[in-house]
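Colleague: Below is a structure I'd like to ask you about.
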Amino acid sequence: MGDTVSHRGLRLIADAVLLASVLAAVACSFIRSLPAGTPAQIELARALGAAALLIFTLEYAVRLWIAPEQASGRNGPMARLDYARSFLGVIDLIVILPGWLALLLPVSTGLIELVDLLALLKLARFAPALGLVGTVLRNEARSLVGALMAMVVLLVLAAGVMYLLERNAQPQLFDSIPHTLWWAIVTMASVGYGDMVPATAAGRVFGGIIMLLGIAIFAVPTGILATGFAQEIRRRDFTVSWQAVAGVPLFAGLDAPRIASITRLLKPQSVPRNYTIVRRGDPADAMFFILRGAVEVELIPQPVKLGPGQFFGEIALVKDTTRLATVTAIQDTQLLALEVNDFRRLMAQLPDLKTRIEAVVEERLQTLEEAVPKLRNADKPQADPPA
């Protein structure tokens with residue numbers, strides 16, 4: 001247990017250092033942009049930028065090195081390549097690569113400030129909600145592209161018509177269709193800077209029509225995104241129903257009142273593909289039942305796949321130890337989580353269910369012992385828990 005607490009503490013420290021580095025990089029950008037910075041401020045900016053860049057580089061190298069340990073069923077080079085190509089891996093590289101290039105190549109001051117601000121992208125690692133935005137954009141990409149094309153067509157047509165209406169009255173402003181595109185953009189967006197205003201009656205009437213069309217055309221992508229967010233949130237935050245719990249084979253044969261009591265204890269959880277649900281060595285706080293999707297348990301010599309109706313995470317709860325294996329979703333998966341306190345209370349209330357779970361635990365341990373000797377002692381302090 002001491003190793004678990006230490007492991008968790010080190011992770012919190014690492015997260016705190018990374019967040020502090022992001023703030024340092026942003027502060028460096030702010031200081032660099034001051035029009036009359038003092039020598040002390042300039043030195044502070046250099047120190048903050050260099051420290052943040054070194055920490056981000058070290059983080060990227062460490063994540064690249066340990067990628068095989070976090071990837072289920074992947075060899076070293078492929079696991080590292082998967083991390084490098086992942087969304088967070090690309091962000092990590094984007095943050096550090098321009099910084100090193102700025103040190104090696106002559107660049108303008110403004111570009112250096114922008115490079116420092118790229119550190120804000122690393123907040124995606126600490127804000128899981130940003131993943132929801134990416135998922136919605138990916139799901140609605142075709143619809144959004146269609147809406148964007150309609151906007152571009154309307155912009156070009158509006159600029160062309162306004163050019164024909166105003167070129168004689170205001171040749172200095174509406175001297176070409178490309179110049180008139182600026183008027184079309186600010187008019188459709190209902191910004192209206194006032195630097196290009198139609199003078200003819202026909203131009204003003206047409207401008208009013210474009211304003212109304214602009215409101216309508218911007219409502220299209222807004223509606224697409226709103227619908228996409230609603231669908232994704234509804235998919236993730238599914239409701240635990242009596243029928244869903246009764247369909248789990250482990251609960252087969254239980255009467256309706258017992259299933260109803262179990263339903264109140266289970267917490268719904270949706271995870272995307274390639275999401276690590278539990279990691280070997282972490283404290284065990286729940287067991288999980290799979291409603292939809294599939295997961296992969298990283299075992300030696302061959303990973304094990306689990307699907308709907310199956311469960312995992314019970315060994316660590318029954319044996320009162322840390323997680324013995326890393327489990328990763330290989331599809332978009334819906335889970336039911338039974339927290340450790342509810343698990344123990346349920347085992348005390350339902351001896352038959354406890355017997356079933358313990359039988360599964362013994363069967364799985366016996367299978368694992370064939371690959372890893374002395375697995376039954378994995379929960380003891382002197383042993384190294386294998387899976």
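Cβ atoms here come from the backbone N, Cα and C positions, even for glycine.
Keep in mind that TrEMBL annotations are predicted by a computer and have not been checked by a curator.
Sharing the feature lines straight out of TrEMBL:
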TRANSMEM  12-32  transmembrane segment
TRANSMEM  44-66  transmembrane segment
TRANSMEM  87-105  transmembrane segment
TRANSMEM  117-137  transmembrane segment
TRANSMEM  144-165  transmembrane segment
TRANSMEM  205-226  transmembrane segment
DOMAIN    250-364  domain 'Cyclic nucleotide-binding'
Colleague: How does the domain 'Cyclic nucleotide-binding' (250-364) divide up by DSSP, counting helix, then strand, then coil residues?
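Modeller: Once the DSSP states are binned, the domain 'Cyclic nucleotide-binding' (250-364) shows 42 helix, 33 strand, 40 coil.
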Colleague: Hey, which of 44-66, 117-137, 144-165, 205-226 has the most Cβ-Cβ pairs under 8 Å against the transmembrane segment (12-32)?
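Modeller: Looking only at 44-66, 117-137, 144-165, 205-226, the most contacts with the transmembrane segment (12-32) come from 44-66.
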Colleague: What is the pLDDT of the domain 'Cyclic nucleotide-binding' (250-364) when averaged and given as a whole number?
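Modeller: Looking only at the domain 'Cyclic nucleotide-binding' (250-364), pLDDT averages out to 87.
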Colleague: Sequence-remote contacts (6 or more beyond its ends) of the transmembrane segment (144-165), Cβ cut-off under 8 Å?
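Modeller: Sequence-distant neighbours of the transmembrane segment (144-165): 137, 174, 176-178, 180-181, 183-185, 187-188, 198, 200, 202-203, 206-207, 210, 213, 217-218, 220-221, 224-225.
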